[in-house]
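Here the structure is laid out as structure tokens; the discussion comes afterwards.
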There are 2 protein chains.
Amino acid sequence: MNIIVKKYGGTSVATVERIEKIAKKVVELKKKNKIIVVVSAPAGMTNDLLEKAKKISKTPSKRELDMILSVGEQVSISLLSMAIQNLGEKSISFTGWQASILTNENYNKAKIKKINIKRIKKELEKDNVVILAGFQGVTKKNEITTLGRGGSDITATAVAAALGLKEVDICTDVNGVYTSDPRIVNNAKKIQKISYEEMLEMADSGAKVLHGRCVELAAKNNLKIHLRSSFTEEIGTIVGGVKNMEKPIIKGITLSKNESKISIKGIPYSINVLNTIFKEIANEGINIDLIVENKVKDEIDISFTLSKNDFEKALCVSNKIKEKLKAKNVEFNESVSKISVIGYGIKSNPGIAAKVFEVLSNEKIPIDMVSCSEIKISCIVSKEHSEIGLKKLHEKLIEKNKEVEKYENL
Amino acid sequence: MNIIVKKYGGTSVATVERIEKIAKKVVELKKKNKIIVVVSAPAGMTNDLLEKAKKISKTPSKRELDMILSVGEQVSISLLSMAIQNLGEKSISFTGWQASILTNENYNKAKIKKINIKRIKKELEKDNVVILAGFQGVTKKNEITTLGRGGSDITATAVAAALGLKEVDICTDVNGVYTSDPRIVNNAKKIQKISYEEMLEMADSGAKVLHGRCVELAAKNNLKIHLRSSFTEEIGTIVGGVKNMEKPIIKGITLSKNESKISIKGIPYSINVLNTIFKEIANEGINIDLIVENKVKDEIDISFTLSKNDFEKALCVSNKIKEKLKAKNVEFNESVSKISVIGYGIKSNPGIAAKVFEVLSNEKIPIDMVSCSEIKISCIVSKEHSEIGLKKLHEKLIEKNKEVEKYENL
């Protein structure tokens, strides 16, 4: 019999009514399949607990944080199991430790090392719907860990991979991945198929619908992710299993407003400048996104962007670096936006970059920084220009480009 | 170094401020002792979760119920641990399964079979405050269980017993056991010392401050319970370690309003009547409190009282019994009250029973049923008479009785 792994996010289990809706769907699917359901904590619950913790301590121990962060899913799994049983179907719920989801000891963002699927398989054989707490695991020393952002998606993907399945269903409150944010771009279209690499760039560039770690895990295990709505049977977006194409295809355009920019200016030239700067920053655990270096005579200017969450820490380090390297000054903009155009062949088709710059320039939007990867161009623009830039790029590069549709209909 | 086990109830960890207060107390005590803290769920949390569960299913599976009922303590232990660490002290929190609190598989009211205290001892040796989730355990098959009412007191008592200690501190929002309910009887006095047996009768008769199971466990292990306030250092009530006395001593007078009464009348006499009735009732898992039987000619009338919570179930069974035994009718009063007078030597001193009846009769309070044990007289009275009866009995039997004070000053 076919095994289906379905993950439901926090909004899908936020109320009793929604839990009952999910239960009905699961019972319906159960008629023809064996079902494993992975659930997140009810929306809001984990944040409420986190807030309480932060009231008690500004820097709570990571171990104790995972202790409290893992209770939300335990609530969801038990309520969903009750709802399924109430419809006359057999089910059993498991926390991360009960399901033997073994992780390393990296509290708050632990990595799954192994899943012992014996117990899960046994319960499937007994005709139970198996309900698993997402986002959490256990170390070999019996300590509770959580997996960090996107954790439940990762749990579902890892379980599907451990069972040797070909696909995992990630069910959420949107019905797929869009060519751009539909709340901003009216004509944004649902993407039918997208490669792992493109999805990774989308996720990294502001599309919050799937976390990069989950996409990577799926890619490694050659597992397709079907990103779809929690409440309908509509086909969503399939991630993975797409052949790369020679022709450049713009798959999506994303916007992230959660960015900050810092520049360290007038650093006396030395071979070690970059090395020194980014070692100091890495030591603080700050992830840098874009980097632009500019050398004028014997001085270097360095600008970089990073997540707004890390801004204060980064500014602090930057000032230390300024002193150390005898730089002239530190400039910053706490709130900038990043627009990213994503698709295969972007780098090998310089025309696309040119088109992006042309569209923005026609709108009189200054581009502050630019970065290109194999399949992505990102532009840092000011916050006030970000939405109009996104709309215009979507209009010119996707809505007026027949290639997209051709690709979509493959 | 001295090991102290302290249990804090749900009201003591209901807010961030209270958790911080408890943390301060623990850190203070830690200077001279090794500390184990057992905590309940934040007041209200478990009930909220239970309500959600009941919305989804009127008869949720007991296993899934324990899954959700056990999350509250996980929140408390982690927040308390953070608060202690925030004051610069080392601490570590454990759920029931992490602390190896092994129980049988009787979900919702599991019994502790064994506590593997290796891990707890190791952490005490590492100079950690050990914080344990009360109320919960784990079966040998890795299933989560809860211990039922008074569960956290039971956890604390069991842990103290497993460590071979002589005393356990049960900290709560009152500062001891009183001769009667201070909210009703103004002159109720705190009891300094009380025997296990007296405390058992008090608990069974409406004093909610300690659960009988916990007292039994302490008695079996010859462990004193020090029932005291969460927030002061005041000495509370010591349960256990009291010698019995020849002279009758009235230790306390309790009131329980949570009682129902059912009578099955006009049952044709047969030797099996009582047997049949109470087997049927036991099969439904209903605990009966008082029983009165009355035989007139060839007919029997049976009356019994039970907890109001079981009233509907019990009435339903009683009607079945009526049909089966061809009784004439079933009468009931959903809401009656039970006043109990507790102390050693009550049965062997018939004067006390007479005094109880005299006080109630002087107040023109009809006594509906009476039951006597070795150390307790219970009277069922109507709800409207209950508080005045309690006050008068306290006045005549305790306030005007010098014996009490003599005992108190031992």
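Each residue, glycine too, has its Cβ placed from N, Cα and C.
Marked as ATP binding site by TrEMBL: A:LYS7, A:TYR8, A:GLY9, A:GLY10, A:THR172, A:ASP173, A:TYR178, A:ARG183, A:LYS208, A:VAL209. If you look up TrEMBL, you'll see A:THR46, A:GLU73 marked as substrate binding site. The domain 'ACT' feature in TrEMBL is assigned to A:341-410.
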- Message: Quick check for the class: what is the C-alpha distance, in angstrom and rounded, between A:THR46 (substrate binding site) and A:THR172 (ATP binding site)?
- Response: 17
- Roughly how many Å separate the Cα of A:GLU73 (substrate binding site) from that of A:GLY9 (ATP binding site), to the nearest whole number? 10
- So how many of the residues in the domain 'ACT' (A:341-410) end up helix, strand or coil by DSSP? 37 helix, 14 strand, 19 coil
- Average pLDDT across the domain 'ACT' (A:341-410)? 79
- When you measure from the Cβ of A:LYS7 (ATP binding site), how many other Cβ atoms are you left with inside 10 Å? 29
- Note on the structure: Expressed in angstrom and rounded to a whole number, the ATP site built from A:LYS7, A:TYR8, A:GLY9, A:GLY10, A:THR172, A:ASP173, A:TYR178, A:ARG183, A:LYS208, A:VAL209 spans a maximum Cα-Cα distance of 24
- Item | Number of Cβ atoms other than its own within 10 Å, given for A:THR46 (substrate binding site) | 20
- Query: When you measure from the Cβ of A:TYR178 (ATP binding site), which residues in the chain that are at least 6 apart have a Cβ under 8 Å away?
  - Reply: A:ALA188, A:LYS189, A:LYS190, A:ILE191, A:ALA207, A:GLY252
- Message: At a 10 A cut-off on CB-CB distances, which of the binding-site residues A:GLY9, A:GLU73, A:THR172, A:LYS208 has the highest count?
- Response: A:GLU73
